[in-house]
Amino acid sequence: MANLATKKQSKKTAMLSAAVYLIMAAIIYYVVFSHTDKLVEVLKSKTYFAPLLCMTTVVVVSFLYGTAISNILKHTLQERLKSQELREE
Amino acid sequence: MAGAVEIPAAAEAIKFITLTPKTAFSLFGIGLVGGILSGFLGSGGAFIMTPAMMSLGIPGIMAVAANITHKFGKAIMGSRKHNEFGNVDMRMGLVMFIALFAGVKVAVSMNRGILAKMGTAGSNLYISIMFVIILSWVTWFMFRDIMKQRRGTNRITGQEGPTLAEKIRNLNLPPVIHFKVAGVRASLWLALLVGFATGFLAGTIGVGGFIGVPAMIYLLGIPTYVAAGTELFLAIFSGAQGAFLYSMHGLVDLRITLLLYVGSMIGINLGAIGTRVVRGSQMRLVMVAIIAMVALSRLAMVPVYLAEMGKISLAAGMHDAITLMSNIFLFGSGAVGVSMILFWMFQAYRRAGVVQNAGGDLSSSKASV
């Protein structure tokens with residue numbers, strides 16, 4: 001019973017953090033797509049700012065959005081498929 | 001797994017495209033398909049994503065740049081997810097990376113030499129022929145293995161002697177390293193050789209994962225799911241290098257990369273979850289189907305390149321028809337692969353529902369007792 005309560009709590013926490021990460025990722029998407037001209041200017045500058053901007057954004061977005069999606073799928077699809085897990089070879 | 005990145009000098013006139021809602025939605029779909037394949041097989045996104053983006057009107061070099069930059073973040077998250085499942089052997093990844101890098105460098109030098117001597121059409125012909133030979137061999141090898149397993153005449157029955165791959169694996173040239181996650185002991189030289197060969201082929205035909213994953217499975221004896229996870233771990237390094245170099249040349253359109261992520265992050269998680277509920281032999285079957293169709297796609301293009309070199313004559317209509325057929329095989333391979341993965345996952349989902357209902361019935365009957 002206590003285990004089930006902890007599980008429910010962790011699912012709730014995971015979903016909450018997924019929502020927070022999704023919002024943060026959405027803010028980055030908004031900033032990028034609403035400042036296209038400035039962004040393209042930096043990306044075309046051929047200075048170290050271009051890879052810095054690119055790689056930092058990519059890492060941050062993939063972390064935020066990726067973690068959010070991972071958390072959501074972990075507590076929905078993955079949990080549902082738990083009884084079907086295989087490990088052969 | 002393609003490592004070294006070559007950037008043509010004629011990339012100066014490239015312009016960033018105007019994004020429409022249709023383009024944005026298409027990029028989401030391309031990312032989703034590429035993500036599912038990468039999450040499930042550890043590779044297989046790039047060969048479909050780049051031409052698909054080009055068909056949307058994105059210049060080839062920018063499609064490659066967006067793809068490789070996207071691969072960097074995708075590989076970080078994908079290998080993290082696989083690591084969660086115990087699918088990543090970092091020791092194996094690091095050993096292979098060193099040799100892989102050398103292999104890519106050698107292959108790129110060879111490709112440059114061929115390009116200088118035979119021109120673009122000659123270079124395309126060389127790459128296509130290499131594609132056809134290598135991918136056909138891998139297809140045949142894996143297909144034969146799957147069939148053997150299905151017939152039950154694999155090594156467990158002892159009816160057949162060791163295969164060439166097993167003989168190579170059993171050489172055990174010292175030093176022998178224990179790869180803990182993969183659960184195998186393998187010669188360092190063999191791991192380096194696999195890394196070098198993978199890098200060489202990645203540098204030659206641009207799709208190293210197709211070679212790296214089967215090589216890890218058959219030559220090093222690594223379970224399929226660990227090979228897929230380790231391959232994604234390796235992709236972090238090549239993705240980082242590619243993202244850095246392309247963006248230094250002003251070729252990365254971050255908007256395209258971000259739109260790809262919307263689909264690919266969902267896909268890569270779906271694919272990784274898929275590896276938990278699908279058998280290793282089924283994973284290999286998906287890989288064989290995709291590799292065979294990609295080989296057919298490249299085989300179809302051989303007459304086109306021969307015509308471009310002036311070796312044979314080809315009517316304009318025929319040229320277009322062959323190119324279309326090649327594209328059908330290429331995009332069809334992705335569609336077939338993703339359909340197979342989703343179909344098996346859907347079957348597992350339905351079975352899980354039955355199990356859950358049975359469990360629910362059991363607990364309610366227990367409660368009523």
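Placement of Cβ uses the backbone N, Cα and C atoms for every residue, glycine included.
The following features are taken from TrEMBL:
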TRANSMEM  B:24-42  transmembrane segment
TRANSMEM  B:90-110  transmembrane segment
TRANSMEM  B:125-143  transmembrane segment
TRANSMEM  B:188-219  transmembrane segment
TRANSMEM  B:225-246  transmembrane segment
TRANSMEM  B:258-279  transmembrane segment
TRANSMEM  B:285-307  transmembrane segment
TRANSMEM  B:328-346  transmembrane segment
Sequence gap of 6 or more, Cβ distance under 8 Å, 3 or more pairs: do the transmembrane segment (B:125-143) and the transmembrane segment (B:285-307) meet that?
yes
Using a Cβ distance cut-off of under 8 Å, indicate which of B:90-110, B:258-279, B:328-346 has the most pairs with the transmembrane segment (B:225-246).
B:90-110
Below 8 Å between Cβ atoms, which of the listed ranges B:90-110, B:258-279, B:328-346 makes the most pairs with the transmembrane segment (B:285-307)?
B:328-346
Residues of the parent chain within Cβ reach of the transmembrane segment (B:24-42), under 8 Å, 6 or more residues beyond its termini:
48-49, 52-53, 56, 70, 74-75, 78, 81-82, 209, 212-213, 227-232, 235, 256, 259-275, 278, 283, 286-287, 290, 334-335, 337-338, 341-342
